[in-house]
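Some features that TrEMBL has for this protein:
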type	residues	note
BINDING	89, 90, 91, 92, 93, 94, 95, 96, 97, 98, 99	ATP binding site
DOMAIN	61-142	domain 'GHMP kinase N-terminal'
DOMAIN	204-282	domain 'GHMP kinase C-terminal'
Ligand SMILES: Nc1ncnc2c1ncn2[C@@H]1O[C@H](COP(=O)(O)OP(=O)(O)O)[C@@H](O)[C@H]1O
Ligand SMILES: N[C@@H](CCOP(=O)(O)O)C(=O)O
């Protein structure tokens, strides 16, 4: 039986100061095997702890996305049988919903024969998500910067080299939905503030391009777009940052909408810090995560 196999990475959005614009793909994955359903109904089999509680019929988010994509191109989405495994914890700021969204689009592209390019998949993904910072690295891999213009319904993206640093994710055991974490943000900023924080963001990117991680890290921790409004939702944030800085980290910031906290640190220092974080914050899982360079991948196999 012809089966589509997808491997779709996690992501960390914002990188401190790039709210809704900057993101990086991580080596954690949503993996899916899909084939046409014999009884024309959707069936999901979830393997592993991270997908617990998700529906196993057509009410699934992935079905919804696949149907939306096919309707847009006046095609029909056939029902599928899916087996899914994920090591991306849900609602932790590691882009689980973006990986599900991208999965839905890849399924539609293949099974409804939409023939969309990666560029077009990105346009569609951003139109649905409203910002490219998770979906762009999920599709392309690496570190991606982007902007979505809702009036033109168009997304532009650009890439820079992935930083040569070690990355530590400190993942709390509780969930924080992006929806809730967006509700605490202000509607507007004064021009003076917007100028200040976009200047910080510009400087951060330039420093990353020059591999000046001291300066990039300093800028990453001066965010004014989201972190000040969200940090109260993550009670350990301040202390995690403190421990990381004491261990020589370049920067510690909220991953996506949180509650995961991400740290950039020199390769020589990362082992000691990850063990210290694990010892100190027992209600969190602290782990070294690598950066994914290639984005979502697919292959067709005969099972
Ligand atoms: N593989 C998946 N299949 C279906 N729905 C998913 C999947 N992954 C995530 N979701 C949905 O997305 C929600 C989490 O999204 P969100 O709050 O944006 O957090 P994050 O994307 O940071 O993990 C989950 O509670 C679930 O409803
Ligand atoms: N820019 C968004 C990113 C949300 O990322 P997620 O991984 O938490 O879904 C935001 O900060 O709200």
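Cβ atoms here come from the backbone N, Cα and C positions, even for glycine.
Proximity of residue 91 (ATP binding site) to non-local residues of its own chain (separation of 6 or more, Cβ distance below 8 Å) is seen for 175, 176, 177, 178, given in sequence order. When pLDDT values are averaged over the domain 'GHMP kinase C-terminal' (204-282), the model yields 98. Residue with the densest Cβ environment among the binding-site residues 97, 99: 99, by other Cβ atoms within 10 Å. Comparing the binding-site residues 89, 93 on other C-beta atoms within 10 angstroms of each C-beta gives the minimum for 89. Sequence-distant contacts (6 or more apart, same chain, Cβ under 8 Å) of residue 95 (ATP binding site) comprise 10, 11, 12, 13, 23, 26, 88, 134, 138, 256. Taking 89, 91, 99 as the candidate binding-site residues, the subset whose CB lies under 6 angstroms from any atom of ligand 2 is empty.
Mapped onto DSSP helix, strand and coil, the domain 'GHMP kinase C-terminal' (204-282) counts 42 helix, 9 strand, 28 coil.
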